[in-house]
């Protein structure tokens, strides 16, 4: 291969193709070794111009090509690892800066290797360490204690490799050496259970009491569960050690000796028990399982609140009263050879001090973790270091949890911390997202889900937690709920992007969640295993996954899982096990009704995932309109609705496929206009603006209508206003207008409250439907007809002139009001001493408002008339303000009687003033 720059990475794939990463050319090139042409280099990744776009690299270093020919490149200056799939020039960030997967911060990554499970191992050169991924995301593997020449540190490592035993070899560049790090295997077998949990680990919040006060005594403190699930508990009241198998109800062995009030114990692989005997006798004793005898193995001058034996057979004791942890090698015969492991012996909160050490734990790297009770923290002391690092609690650099006198402590295989938070009466644990409460999360108490000053704990082989609930004088077992554990870290496989529009299909997500646009996607996997679907986008996506098929008429059928998390950048996340021989359907919708916008789904898993869109945009092929009447046939629908009118249709299609049929009620009622806007189980303050505006307008219209009706009634109840039928029509109209606006506000709040309260009974809904709407229309039409009567009488008056009969007019008005709900307008006084032409001119001049007012009322009625003539397929949801505006405008004539008929008329204003003054005179001061 001829190249124009230094190759900082070389790789030959399974097809005998050689790859070279050119650091200074910002590119990876390749050529087939089977080709004899030496100038046949092809671009594998990068444009040759340094940058951070998905198709660019900036100083690439290490490369790795797997059996699927996926190319992984460490992109140094961009602090990331890019994956380039075959034939793709755009890379996907799988680790580091802008990674989609929860990951780790990288600084100039260099070398990279994938294991058989596709987990990444990366040389994080700028951070002087080796990091690796696993079930729970990334973690530090080597060089986790900063830069340096020590055996557990690195200085600018460049590349790495594994031997067949899993041991790691690292080029430690600036230290000028090659370092070998041994894989911890069974040769480093531990006597206790150190589990490996998934990130979603959950324990049953209700504990089971496996031993009460009658067995463990008053205020127990010490417990140890061995690899074979044998439980060891110290009864400091009776100075005994109790031993029983997990399945046993009662202890199978009780060990007696001359130790006093043991606070802690530790059991080794051979069954030997190390017991605290420091309070009175100043020592640590060992019970030898083989001989059933005791031996003193360490002298101390304080109670040991924690005991531990590390992988090098060194015994540790935390002395709470001397603010120190001491240790001695059990391989040495000299008993006074205790050495300081942590603490100065002087109480304090400095990094080299302790203030009441309790629990201790030493990992396979000989890192010592100490719970520092009085300082409310957990300290890490690395080998040879006297200054501790606060890893949890008060003063911790990492986001953590508030601790109050931490007690026992255990690390799992991923170095996550599990801590007894004694004064908070709970057990907490760390993970990818920081610390969280595991058990005892319901305050101090004696219930099964509560603890009271727990002292220590241990795990069994099934990851169950055994807690010494000291002040409740019992041992509690909290079961590990493994079924909630899923693989939350896997390799990126695919991305699916689309959008929800007004043309997408609609379904009811549940009884209370209606009219949701959705898109259904068929999912097939090429390998069985755990897969993760993560949705995000401009919309607020809600994800569901189904087995075999999705039935929009019954969204609960075949449902496997669903998820929504609006408070996260990733709005839904589905972790699920998928089988290779099964078809699945992923449904993407929105949290709120009828949202539209773009979305994307990122899929992670063991192998390739095939996605195919199922739902298609709705193209309206036919609109059918009809009407059910009293003459339509009826049938027995159910016991609640035995008499339903119906119509049958026969359907023929020209092409096989999925068709969507839906019906919409056509009308101009408030229900029709607002039903798509109202949100069920949501208070008015959180409803859309259109609902709040409608509420305000309704109240304003009611108040205006009330004032108008009162003033009109005062005017037209005067005898001078009732000389002809017009005044009687307007008197009736003042009453009907009040009733119309009253029914409007009743109708509005009935619609709003019944839609908000999804549990409203069917009988209430039906009652409102058959009563409120007809009454509202009755009063509205009465008002309209009465206005029409006024206009008719005015026309007759103008036509007859001096021959107009007032008595006959009043007689007709009485009969009309009784027979029909008509509306009328005003008339003026007729003069009998004028010609017909002069009469008309004077009448128009004096009562021109009688011409203007019908025109105003006509104009106000036109919007409702036009909308009622629109095609039946018009949707109120798309033209909300048009329909809503027309609806409210149609009620304005009922509020304008006084302004239109009384204010412009001298006759009616005179009658109003007379009536108003009469009322004032009869009203007491």
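Including glycine, each Cβ sits where the backbone N, Cα and C put it.
TrEMBL does not curate its annotations; it predicts them automatically.
For 48-87 (among others), the entry in TrEMBL reads repeat 'NHL'. Tertiary proximity for the repeat 'NHL' (48-87) is limited to same-chain residues at least six positions away from its ends with a CB under 8 Å from its CB atoms, namely 8-11, 13-15, 17, 19, 21-28, 93-99, 105-114, 118, 120, 122-123, 125-126, 159, 492.
The repeat 'NHL' annotation in TrEMBL covers 345-384 (among others). If you look at the repeat 'NHL' (345-384), the same-chain residues 6 or more away from its ends with a CB under 8 A from one of its CBs are 145, 150, 152, 184, 188, 305-308, 310-312, 314, 316, 318-320, 322-325, 390-396, 402-411, 415, 417, 419-420, 422, 456.
Look at TrEMBL and you will find 693-716 (among others) tagged as transmembrane segment. Non-local neighbours of the transmembrane segment (693-716) in the same chain are 674, 684, 722, 727-728, 730-731, 733-735, 737-738, 740-742, 744-745, 748-749, 752, 884, 888, 891-892, 894-899, 901-902, 908, 911-912, 915-916, 919; each lies 6+ residues outside the stretch with a CB under 8 Å from one of its CB atoms.
Under the heading transmembrane segment, TrEMBL lists 728-758 (among others).
If you look up TrEMBL, you'll see 850-870 (among others) marked as transmembrane segment.
Among the features that TrEMBL reports, transmembrane segment is placed at 882-903 (among others).
Applying DSSP to the repeat 'NHL' (48-87) sorts its residues as follows: 0 helix, 16 strand, 24 coil.
Mean predicted confidence for the repeat 'NHL' (345-384): the pLDDT average there is 94. Broken down by DSSP into helix, strand and coil, the repeat 'NHL' (345-384) contains 0 helix, 18 strand, 22 coil.
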